[in-house]
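So that you can see what the record holds, here are the features copied from TrEMBL:
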SIGNAL    1-19  signal peptide
TRANSMEM  43-62  transmembrane segment
BINDING   Phe153, Ala154, Val155, Tyr158, Asp242, Val243, Asp244  UDP-N-acetyl-alpha-D-galactosamine binding site
BINDING   Asp242, Asp244  Mn(2+) binding site
ACT_SITE  Glu334  active site, nucleophile
Amino acid sequence: MTFTCWFNFLLQTTRLAQAARGHGCESRSTTNQNQTERMSTIRTLIGSVLLLLGILYVYFYAWRSPRSSKHPEPVQYPVAPPVGRLSAAVNHVFHLVAPDHLKYKQPSIVNGRTDVVTLTPWLAPVVWDGTFNPVLLDSIYQSKNITVAATVFAVGKYIRFLKKFLETAEPYFFVGFRVNIYVFTDHPKDVPRVQMAGGRKVVVRSVPSSNRWQEISARRMELIQNLIEEVHDSVDYIFCLDVDSEFHGRWGSESLGGLVAVIHPGYYRDDRGRFPYERRPESRAYVADGEGDFYYCGGAFGGLLQEVSLLAKTCDLNFKADAKEGIEAAWQEESHLNRYMWINKPSKILSPEYLWQDFKPRNPEVRIVRFSGVVKNYADIRPNV
């Protein structure tokens, strides 16, 4: 029965109640009977209202819910209004003010890259070389006095990659900005000393060792969430990066955005049917055939603290809920990240320039490699391989 039908039914019931009250006034000798009728009418009216509320609940919250009985519903958190430092960070994204009289090359609305896609179907920019002006962007964001954080996990034998990561980050990663690099490691005494410019620092956080590299990977989201809660008053943006990688070119203000994803270099030319999504419906990281946009890297993502906090918290809870049922997604937190970003679309996407792989020859559309995973022997560095 539709909402209109129920409304008419309620209206008719109200009119009957009014008629019953009028009839009772005409005959004083039948007072008890009239009182009984009025009470019965009131009970009918109350019951009708409750029934109507129940129908509305089922209609709006159950029938129209996108839940599927085939797989468990992943946790999704609503976006909370920004507070404190995050409120200022939102202005960094939407209120872009260039210095007066700044000279830079005139942009063109008809000429540009034609060999790659630079805009997603939901109108998020895809950042490639040649699609932005670094001088203009840096002049806009440097005046905002922002702080950028980066996280890396140098656990177990991965500590060997930390020195090159830090040394190459210094000349390429957000040069001219305040940068805090948070190193999570079980070997704090082995963290190398690297000379850094003013306003840039390394902060070491001790974490326990693990006998499974999958557990190390799984803990990342929880630790990132805890860090964000700690530094939310002093940091504006955060990027979560793999330590077994090195910088080869600029990674700067062009990468700033709300929720920022990086296209995986191994699958960006493939049909989505070949993406290594989690395909088991039992997992909360499940992405069905014919679904998904791109395949994103778990080794590089970031954005505003508020957005990354929601991502990390959601992925962590879904990962733990799977674990209680004996399920481990195909690619651990990367699988949960891809599920999250399919539903919660990134506001900016970085091309494979921002996380290439050293063993891969560079494709023609990749004019520059800015950040790249080094060649390594996984059997040597991972504890259970």
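Glycine is no exception: its Cβ is also placed from the backbone N, Cα and C atoms.
Here the features listed in TrEMBL are painted onto the structure.
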| residue | record | Cβ contacts under 8 Å, 6 or more apart |
| --- | --- | --- |
| Phe153 | UDP-N-acetyl-alpha-D-galactosamine binding site | Phe184, Thr185, Val207, Ile216, Arg220, Leu223, Val243 |
| Ala154 | UDP-N-acetyl-alpha-D-galactosamine binding site | Phe161, Leu162, Val183, Phe184, Thr185, His187, Val191, Val243 |
| Val155 | UDP-N-acetyl-alpha-D-galactosamine binding site | Phe184, Thr185, Asp186, Val207, Ser209, Ser210, Ile216 |
| Tyr158 | UDP-N-acetyl-alpha-D-galactosamine binding site | Val243, Asp244, Ile381 |
| Asp242 | UDP-N-acetyl-alpha-D-galactosamine binding site | Val152, Gly299, Ala300, Leu355, Gly373 |
| Glu334 | active site, nucleophile | Tyr296, Cys297, Gly298, Gly299 |
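Cβ contacts within 10 Å of Asp244 (UDP-N-acetyl-alpha-D-galactosamine binding site), excluding its own Cβ and spanning all protein chains shown: 22. Taking the Cβ of Val243 (UDP-N-acetyl-alpha-D-galactosamine binding site) as centre and 10 Å as the limit, one finds 23 other Cβ atoms among all the protein chains shown.
For the UDP-N-acetyl-alpha-D-galactosamine site, the Cβ centre of Phe153, Ala154, Val155, Tyr158, Asp242, Val243, Asp244 serves as reference, and the other residues of the chain with Cβ at most 8 Å from it are Val152, Ile159, Phe161, Leu162.
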